[in-house]
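*Asks:* As annotated by TrEMBL, domain 'PDZ' applies to 41-122, 146-226, 254-337.
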Amino acid sequence: GLEGDKKSIIKFEFNPKDGIDNPALSLTEDTDGKGVGEPRFYLLSKGSAETFGFCLHEELGCQGHVIRQVELGGLAQRRGLQDGDRLLQVNGHFVDHMDHRRVVQKIKASGNQVLLAVLDSNSYEAAKALGRDLSQMLPADIRPRLCHITRDKSGFGFSVSGPEGIKGTFQLSVRQDGPAEKAGVPPGSWLLEVNGASVRSYSHAQLARKLKQSGSKVTLLVASSAVEEFYRLRGLRITAALADTSWLPFKVRELHMVKGAAGYGFLLKEDDCSSGATGQFLWDVDAGLPAEQAGMKEGDRLLAVNGESIEGLDHQQTVLRIRAHDDQVTLLVIDPAGDEFYQSIGLSPLLFFED
């Protein structure tokens, strides 16, 4: 459904069990109805078998990524999304300038929860006509950070404090030039998760045991005071799916290959991932051929072909995607260490891929 008349690209349904306690969340309101209004924020959470309740369109003669077909009584409508709204941000990433398929991929990779920032159609068109930079209408950084810390001789390089007798509230002091600072943990940030597990119900002693059990490496989800305040004031829960991962050592790699006389020079094999799901893996990378020259490594897991996620596709479907263009292909891959990391926290690496 990603080709053709550039209309309905993908449908997001809703979770009928989800509550109605998360109305439209605006930075400010354009009270007089004139000029340009302000972006609104929505956190949509659904069940794994359900969808978000709207369609995302790319329409001829209409700028932006357009919200359409908001289902009556669906999650999107209950949260406040309106027909014609323009999508500006997905999980803190500005997307107005992105290719439409890439935006769809970001939403799909987000899984069962996505944070959207939208602008109503009149304000969007007025802002475009005035030449306003839409990215400047949004907060500079509303993303928490995922930080992967490797212990040195003196420890992880941070200490934890919190109110006496209150569970789940932990603030971090960071040692200068220590492992935590090098891993991107901001001084004074608030601790939200350890190794993919929320600390909201932890006592100080339970947190200390969790950190000790981590061994030589630990992954923290942290938020600066400004980011924590942004979400708290809007009644939103911060999760790892919203995180800035630029500090992580694990990166999705983009490989562009032009087929040579001997082909691309790799084999694709289907195998089990550590999570138990089935994945497509790259092996037998031939020296000197396009795959090796593009940076492919044996054991890489294939994530996407020509911008389309292949997660959930079988081997034959994936092969057909690769062969769709005779002489060239672009693959998104991740190495075994990165694959293991993202599976350990239950998130798709594609969620964090930056063009």
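The backbone N, Cα and C atoms fix where each Cβ goes, and this holds for glycine too.
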*Asks:* DSSP says what for the domain 'PDZ' (146-226): how many helix, strand, coil residues?
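*Replies:* Residue counts for the domain 'PDZ' (146-226) by secondary structure: 16 helix, 29 strand, 36 coil.
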*Asks:* What average pLDDT does the predicted model assign to the domain 'PDZ' (146-226)?
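*Replies:* Over the domain 'PDZ' (146-226), the predicted model scores a mean pLDDT of 94.
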*Asks:* According to DSSP, how is the domain 'PDZ' (41-122) divided among helix, strand and coil residues?
*Replies:* 17 helix, 26 strand, 39 coil
*Asks:* Counting by DSSP secondary structure, give me helix, strand and coil numbers for the domain 'PDZ' (254-337).
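*Replies:* Looking at the domain 'PDZ' (254-337) with DSSP, the answer is 15 helix, 33 strand, 36 coil.
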